[in-house]
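Features of the protein shown, as given by TrEMBL:
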BINDING   His59, His84, Asp85, His157, His183  Fe cation binding site
Amino acid sequence: MQIRLNWKDGNPIITQAQKKKEEYGKLDKAVMSIWECCELLNEYVDESDPDLDEPQIEHLLQTAEAIRRDYPNEDWLHLTALIHDLGKVLLHPAFGEEAQWSVVGDTFPLGCAFGESIVHPQFFKENPDTENPNFNTKLGIYTENCGLDKVSMSWGHDEYMYLVAKENNTTLPPAGLFIIRFHSFYALHRAGDYTYLMNEEDKEMLKWLHVFKYANVRTNLEEVKPYYLSLIKKYFPEKLRW
């Protein structure tokens, strides 16, 4: 597991995350289909995962097929599993060739105290946000049970793919977008931290996020490709802005 230490020059991490969201939220890096993005990721391996030494497209298909096996009637969930890591395209030179530490690893809320359940919490002592009285309390800039849609998260592939899907008007259900945005929010869905920020809708969607705890299922790309292409066509436009 890798911590996302994305702050520098004494600037608050929340400010830098907002700048990244503004930059990449323009969606002006490329125009391509979901499957084209899957193929683009085939060149990369996530260095933050010690158990993953294969191209990303294999990881995506294995995750999707595992979920398809156990939830055969939830086609939106199959597609969500396929695309949940596509934000890692930020590693590609065409997208700025971001460093792995700023793209993968844990995500966590900004604007409130950093939880002890975040991996390597000791490193946050160097973060200027910890000295800001507006940010270093339990709720910080938020109110209890405000809803995770009101919370600013650290920047990375999760947040980017969430923006891509949302701004390209996907018809995936809200739970699909929730999974994409928060699947690296391990402090929440593994440690049970930050639940005081969740509303009732979040609690319902969190049940679907827990589905992603699966062993890999070996699959043949050419055999399953037509099925996933049909789902992409169902839930996304032919070409997306990235």
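Even glycines carry a Cβ here, placed using N, Cα and C.
What surrounds the Fe cation site, by Cβ distance within 8 Å of the Cβ centroid and not counting His59, His84, Asp85, His157, His183, is the set Leu60, Thr63, Ile83, Leu86, Gly87, Lys88, Asp158, Met161, Ile180, Ser184 from the same chain. Looking only at other Cβ atoms within 10 Å, the busiest spot among the binding-site residues His59, His84 turns out to be His84. Taking each of the binding-site residues His157, His183 in turn and counting other Cβ atoms within 10 Å of its Cβ gives the largest count for His157. Asp85 (Fe cation binding site) counts 24 other C-beta atoms within 10 Å of its own C-beta, drawing on all protein chains shown.
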